[in-house]
Structures are given as structure tokens and as C-alpha cells.
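Novice: What follows is a structure written as C-alpha cells; I'll ask about it next.
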Amino acid sequence: MATTTTYVGKAATDRISDDNNIAPTTLEAGNVDGHRKLVAPPLVVAMSPEQRFEAEKRLRRKIDTRLLPMIILMYIMNYLDRNNIAAVRLAGLQDELNLSSVQYQTTVSILFVGYVLMQIPSNLFLNKTGKPAVYLPCCMIIWGIISGATGAVHNFAGLVTCRFFLGFIEAAYFPGCLFYLSAWYTRKELGLRTAVLYSGSLISGAFGGLITAGITSNMNGTHGLRAWRWVFILEGIITVIFAFSAFFVLPNFPRTTTWLTEEERQLAVYRLQEDVGEDDWVSAENQTFFHGLKLALMDIKTWVLMVLLLSIVSSSSVTNFFPTVVKTLGYPNIQTLLLTAPPYVLAVITTYTNAWHADRTGERFWHIVLPLCVAVFAFILAAATTSTAPRYVAMMLMVPGIYTGYVVALTWISNSLPRPPAKRAAALAFINAISNTSSIYASYMYPQPKTGQPNLTIPLSVDCATAALAIIMTVIMRIILGRLNRKLARGEHVEGAINTVPGVGAANGFRFLV
């Protein structure tokens with residue numbers, strides 16, 4: 001009989017939620033019909049419910065303060081270094097290097113080839129070492145150097161080479177951070193923190209155009225260099241500076257962070273055990289490179305989530321060429337770059353709000369579907385009209401529509417595939433890697449003529465269709481999780497879940513968030 005974990009014992013208490021503050025749950029030792037029970041560590045057992053409540057608040061505040069601001073800054077630079085290729089096209093890159101439309105599209109596409117190849121090995125390596133505070137900043141230093149070196153290229157071959165290796169190294173960051181956050185926060189805390197992380201990309205989208213506009217206006221021709229070269233050089237330097245500071249700020253995993261007190265360490269570890277009834281990252285010796293990947297690939301939820309995220313990321317390909325899309329409004333280059341900012345600012349607001357509400361309610365389905373419905377409407381509007389005002393309204397809605405639900409969908413991966421950590425790390429990397437393959441082919445959907453306005457009807461229609469497919473996959477995922485939760489409520493065994501003993505605590509056991 002398979003050994004599973006159960007929530008039983010006279011000391012077990014119900015969870016009390018107040019803006020993601022979790023009151024204590026103590027579990028007794030022993031076995032009930034082969035079901036393993038968690039045992040709270042001594043310093044946690046010694047806490048009263050009120051003390052435990054306050055201790056968790058202090059711990060979350062401490063980790064939030066050290067972790068979240070730095071990973072936002074790191075992701076801002078990650079996204080700027082990756083996507084500045086769209087802005088620098090308007091700053092003279094395509095003209096100076098004499099790139100054809102297909103060659104320019106290849107420079108955008110090739111980054112995602114390296115990005116896809118490295119994600120799974122990188123996340124499995126991160127899980128094996130347990131040292132994200134060392135690994136992620138090291139990767140950041142390397143990609144900052146590559147980004148800065150891009151400002152020195154003189155032909156298509158050099159640009160393609162830099163872009164490939166930039167994607168290869170940057171692949172470590174985003175799936176690594178998703179796994180990183182899931183090693184610190186419970187399932188109902190994870191949505192807002194994922195939104196905080198992803199806000200880095202939205203902020204960079206908002207200010208990337210502004211930065212390029214400023215450099216284009218003030219540094220074009222400085223020391224004989226065109227403005228697009230200064231964009232790469234300056235952003236690369238800033239990336240390296242942030243990376244060095246990250247070494248001194250970021251925590252590792254709960255068991256490997258030295259600046260936590262022993263009480264904080266025990267509480268940080270146990271509250272994750274308590275959330276899903278199983279231990280999380282313990283040591284490098286307990287992690288395997290391929291067992292976690294095998295577990296992830298054998299779970300049907302991985303494949304449904306993969307298609308869901310693939311569809312959303314395919315829809316978001318419009319943002320890889322957003323300055324070109326906004327250019328169809330007919331404004332000069334500087335005004336065009338400035339107009340790219342407001343949709344991203346709105347997306348930051350809606351993403352935070354939606355993720356906060358999703359965490360507070362524990363609901364996932366509607367927090368993904370409703371924003372996607374807005375995206376579908378925006379794509380239809382943008383494709384159906386050439387009038388300036390309606391098309392810019394569509395642009396204002398399509399960016400929030402895509403990313404507001406995307407963040408909650410990312411959280412759904414860790415929520416639905418929580419343990420063991422090797423499986424979660426592999427699933428996050430696999431799903432994120434496959435979803436980004438869409439950016440390889442999507443790059444060729446958006447024409448990049450050197451003169452005149454591109455026809456965006458076909459790419460916008462494809463983005464609309466993939467957003468609709470994402471809605472369908474969200475419905476399927478909800479049906480699957482609903483059936484699994486009903487099985488858990490009956491006390492039936494569910495692979496990958498923490499099962500209850502029939503008739504004992506079934507109402508209060510683990511449930512998938514739907």
C-alpha cells in the first residue's frame with residue numbers, strides 16, 4: 001500500500017486565513033492505516049496559536065523584504081536585455097546593420113531557441129544545488145556581459161550569435177524564480193508573489209520604450225556610436241551592477257539560508273510541509289535530475305497546463321513587437337516609444353489586483369478566464385479597425401488581458417504540482433520552456449518592413465485564436481481538478497496529492513486550488 005500523508009490527531013486545528021496569514025496546525029506522530037503524519041518541530045510546537053500567527057507574519061515580512069525587491073529588479077533587467085531588440089529597431093539597428101525583415105525576425109526568434117534548450121537543465125541544477133542566491137546572480141552577470149557586447153556587433157551573424165547565447169543564459173532566471181518562490185511561500189501566498197515577480201517584466205515593458213526614447217534623443221552619435229548601441233551597452237552595465245548586489249541580499253532555500261534564526265528556519269520549513277502535507281527541499285543528496293522530470297511528464301495536469309501556457313505565451317507574442325504594433329498608429333518614432341508605456345502601466349495594476357484577489361479567495365479559474373476574454377476582445381478590435389482611437393484602446397487592453405491571467409496560470413502550476421520539489425522544478429521549467437517555443441515561430445508572423453506600415457490582421461487573428469484556446473484549456477483543467485478534489489473528499493487515493501484517511505479529517509485535508 002502506498003504511504004501517504006494525512007491530517008489527523010487531537011492537536012490538529014483548522015486553518016485561519018486573514019490576508020494569507022495562517023494560524024498553526026500541529027500534527028501528531030504515528031501512522032494510521034499506512035498514512036504518514038507530519039510532526040511539528042520543537043520550536044513550532046512551543047508556540048501558542050497567537051505566537052505562531054505573529055511569527056509567520058514576521059517571517060513573511062522578512063523574506064518579502066529581502067527577496068521580492070531584488071528579484072523584481074533582476075527581472076526588469078532580464079526582460080529589458082531580452083526585449084530591447086524591439087525598441088532598438090526604431091533607434092537604428094535594422095538600418096545600420098542592413099537587416100532584411102526576415103533577418104530581423106530571426107534575431108528575435110533565435111533568442112528563444114537558446115531560452116527553450118536551457119530551462120529544464122537549469123531548473124534541475126538549481127534544485128540539486130539549493131543555492132539560488134549564488135546561481136541566479138552568476139547567470140545574471142553573464143547575460144549582462146553578453147547584452148553589453150551586443151552593442152559592439154557589426155553584422156547579422158554577430159547579432160544572431162549574441163542573441164542565441166543571451167537566451168541560453170537568461171533561461172535560468174524566470175523558471176528558476178518560479179521554483180524559488182514556491183520553496184518559500186504556501187499555495188495561497190504564491191499568486192501575489194508571482195505577480196510581484198512578473199511585474200518586473202511589465203515595468204520593463206513600460207519603461208523600456210521610455211529609456212530607448214531618452215537614449216535616442218540624447219546619445220545618438222555620442223563617441224561616434226548610434227543610439228541602439230548605447231541601449232545595449234548601458235543596460236548591460238546596469239545588469240552586472242544589480243547582479244553583484246544580489247549576492248548580498250537574496251536568501252537561498254529555507255534550510256540553507258544562514259541569516260534566519262533557528263525558530264524562523266523551523267517555521268519556514270514546517271509551514272510548507274503543512275501546506276501540502278509533505279517535506280519540500282531537504283538537501284542536495286535528496287534531489288535527482290531526472291526522477292522529478294519523469295514524475296512531471298507522467299502527470300496529465302502537466303500537459304494540460306503546458307498547452308494552456310503555450311496558448312497564452314503565443315498570444316503575448318504581440319508584445320515582442322509592441323513598438324512596431326504601436327507604430328501603425330502613424331506617429332513618429334519618439335512618440336511611438338512613449339505610447340508603448342501606458343498599456344504596461346495598466347497591466348501592472350490589473351495583474352497585482354487580480355493576483356491579490358486570487359490569493360485571497362483561493363480561486364484560480366475565473367481569475368484566468370476573464371482577463372483572457374478581454375484579450376480576445378482586444379485582438380478582434382485591433383484587427384477589425386484601422387482608426388487611431390479604437391486601435392489604441394485595443395492596445396491598451398491586449399497587454400493587461402494577456403498578462404493579468406498569465407500570472408495566475410503560472411501560479412496554478414505550483415498549486416497543482418506541489419511536491420516533490422524535483423517534480424515541481426521540472427514541471428515549471430518544462431511548461432515554461434515549451435510555452436516559449438511559440439515565440440520562435442511567432443517572430444515570423446509580424447512583418448518588419450523598413451518602410452511603410454505592416455499588415456497585422458493575420459498575426460492579431462492568430463493571437464486571438466490562441467487566447468481562445470487558452471480559455472478552453474483552463475476549462476479542462478478546472479474539470480480535472482474538480483474531479484480530483486471530489487475523490488479526495490471521499491478519501492480516495494489521488495496520485496501526487498496528500499491524501500486523507502477515509503472518515504478522518506476528510507473535510508479539512510489537502511485540496512487542489514480551482
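Every residue gets a Cβ built from N, Cα and C, even glycine.
Residues or ranges marked as domain 'Major facilitator superfamily (MFS) profile' in TrEMBL: 67-485. TrEMBL lists 63-80, 107-126, 133-152, 164-183, 195-215, 227-250, 303-322, 334-353, 365-386, 392-413, 425-446, 458-481 with the feature transmembrane segment.
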Novice: Of the stretches 63-80, 107-126, 303-322, 365-386, 458-481, which racks up the most C-beta pairs under 8 Å with the transmembrane segment (195-215)?
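Specialist: Between the stretches 63-80, 107-126, 303-322, 365-386, 458-481, 63-80 has the largest tally.
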Novice: For the transmembrane segment (133-152), could you work out the same-chain residues 6 or more beyond its ends whose Cβ comes under 8 Å from its Cβ atoms?
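Specialist: For the transmembrane segment (133-152), the nonlocal Cβ contacts are 74, 77-78, 81, 122, 125-126, 158-159, 162-163, 165-166, 169-170, 172-173, 176-177, 180, 225, 228-233, 235-240, 242-244, 246-247, 250-252, 257.
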Novice: Taking the transmembrane segment (303-322) as reference, which of 164-183, 365-386, 425-446 has the most Cβ pairs under 8 angstroms?
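Specialist: Highest pair count goes to 425-446.
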